[in-house]
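Asker: Not my notes, these are from TrEMBL:
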type     : residues : note
REGION   : 1-30     : region 'Disordered'
COMPBIAS : 1-27     : compositional bias 'Polar residues'
DOMAIN   : 57-133   : domain 'Cytochrome b5 heme-binding'
DOMAIN   : 172-263  : domain 'CS'
DOMAIN   : 283-393  : domain 'FAD-binding FR-type'
Amino acid sequence: MLNIPNQSFPAPSSQQRVSPSAQSGRNKVSLKPGHSLMDWIRFAKSGKDLTGLRGRLMEVTQDELQKHNKREDCWTCIRGMVYNVTPYMDYHPGGEEELMKAAGIDGTDLFDQVHRWVNYESMLKECLVGRMTTKSATASKEKPPFFAIILPLSPAAGLAPPAAGPPPPNKDSQPRYDWFQTDATVHLAVYTKRKISSSGCVTVDLKAGILRLEVLLGKLSYMIHLDLAHEVEENVSVHTAFSVGKIQVTINKQTRGKWTSLGQPLEFHNTFIFSLQLFPQGPFYRDCTLVSKMEVTHNTHVFRLQLPGGTVMHVAVGKHVYLKAIIEGTEIVRPYTPVDQNMVPVSSSSSHESYLYLMIKVYPDGVFTPYLNSLQMGENISVSGPEGTFSLRPLRDVTHLYLLAGGTGFTPMVRLISLALREVDTIRTTKLLFFNKQEEDILWRCQLDDLAANDERFQVEYILSEPSASWTGRKGRVDETLLNDLLLRPHGSKCYVCVCGPSAFTEQTLGLLKQLCFSEEECHAFKG
């Protein structure tokens with residue numbers, strides 16, 4: 001019998017997804033009736049032999065894998081495990097053409113480019129053929145496919161240093177940490193060696209004496225992971241000096257007294273890695289509690305989730321989290337971008353310490369959103385830490401920020417609007433082009449109108465594709481004429497455009513922006 005590894009998922013580094021505009025996102029295709037995700041889940045659990053091996057698992061050689069490269073006989077390898085994806089062809093949202101790109105070969109890299117957040121192990125477990133017999137180039141990347149720097153620990157930390165590794169480049173620029181104490185408290189200080197965004201970058205989890213702290217610094221992630229030396233109360237406070245890049249975490253001791261050490265290092269403790277690759281075991285989840293649900297439109301709600309005691313989460317602008325649930329025996333994961341409770345929060349950094357606000361459209365024929373909508377107050381759902389590659393750096397010196405949103409593609413724009421109006425002095429105009437079908441679909445319309453009325457730097461245009469006869473605003477869909485009229489480029493201006501919406505909307509909009517001579521450096525697409 002094969003020893004099948006229990007890999008965690010969703011796979012690393014995804015977003016709704018956030019990616020540079022130059023990258024092509026996944027194009028969804030129209031599926032035949034009866035071929036939805038839920039239909040696939042039911043079909044996979046029907047007891048039919050989906051591998052053609054009558055329940056046997058086999059060792060698959062490279063030569064054997066290559067033989068199964070046809071539409072009617074398609075195997076592929078993902079992270080050293082081989083799947084017969086033939087039965088899944090008609091259920092795949094990207095169509096058979098996308099699956100056939102990995103027919104008969106190792107498809108790990110292709111998978112990670114467009115499906116990273118999909119839980120393939122749960123989705124395809126009934127299609128598992130077996131394990132590759134040889135270590136392919138991609139499979140060998142299972143050991144961290146990222147640049148990991150093991151930093152030497154401060155002697156003051158009271159911990160044994162980790163195993164020696166190659167000296168990191170620019171060592172002086174790497175984050176470090178130290179700690180100090182009183183009789184009642186322990187204070188852990190992280191020095192990032194750079195300015196950090198006031199919109200957030202820190203996630204702290206303290207549970208059963210295990211401290212896990214992750215700091216997102218652009219494309220890099222710094223982690224502290226410790227089994228603390230003594231018992232502590234399961235609550236933490238975080239104070240950040242943004243301009244100097246210092247983060248201080250305060251923990252209350254359960255018993256007063258002096259500690260001789262902070263604790264024992266755990267996996268990935270004191271490491272500085274490319275956050276695009278994250279950790280091999282996938283995102284870290286904690287159970288959050290649904291505490292309220294507020295209706296925004298007829299089919300969209302803001303779900304307020306309370307973080308567990310001992311968790312502090314600062315979700316930076318443009319980042320997302322994953323929600324995970326077991327639905328009909330299958331693990332389903334979806335990415336969502338947190339919003340603020342209001343369009344302009346009192347404090348952008350503190351508004352997400354205790355709660356997450358997620359604006360989510362409920363699709364009656366969907367898989368995940370009906371489940372989420374059925375949760376009762378007080379019930380839990382698993383939530384990952386923040387992820388995503390969106391960077392505020394391109395906004396430096398921008399004078400005109402244009403946000404093009406289709407439907408719930410509005411969610412990443414909410415906090416971006418707040419940040420542009422409150423913290424980026426160079427931005428003279430922030431304009432939201434909000435595309436919807438009907439007037440009743442417009443999210444937070446009153447708040448947007450109030451913001452536009454009270455801040456001359458903010459403008460909003462609503463464009464409806466299926467308006468009522470009484471609608472007097474703009475009508476139609478995204479096209480070159482409309483964008484040419486609304487995306488003005490005054491002499492001497494520096495423009496930046498963010499796009500988010502359904503995949504077809506995003507791809508079409510990016511193409512139109514290119515025709516209007518917006519460069520790749522001037523555009524960013526939130527893709528999912």
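Glycine is treated like the rest: Cβ placed from N, Cα and C.
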Asker: Would you list the DSSP helix, strand and coil counts for the residues of the domain 'Cytochrome b5 heme-binding' (57-133)?
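Answerer: Output for the domain 'Cytochrome b5 heme-binding' (57-133) reads 31 helix, 21 strand, 25 coil.
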Asker: What average pLDDT is reported by the model for the domain 'FAD-binding FR-type' (283-393)?
Answerer: 89
Asker: Count up the helix, strand and coil residues in the domain 'FAD-binding FR-type' (283-393) according to DSSP, in that order.
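Answerer: Taking the domain 'FAD-binding FR-type' (283-393) as a whole: 8 helix, 53 strand, 50 coil.
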Asker: Summarise the domain 'CS' (172-263) as counts of helix, strand and coil residues per DSSP.
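Answerer: Summed over the domain 'CS' (172-263), the classes give 2 helix, 55 strand, 35 coil.
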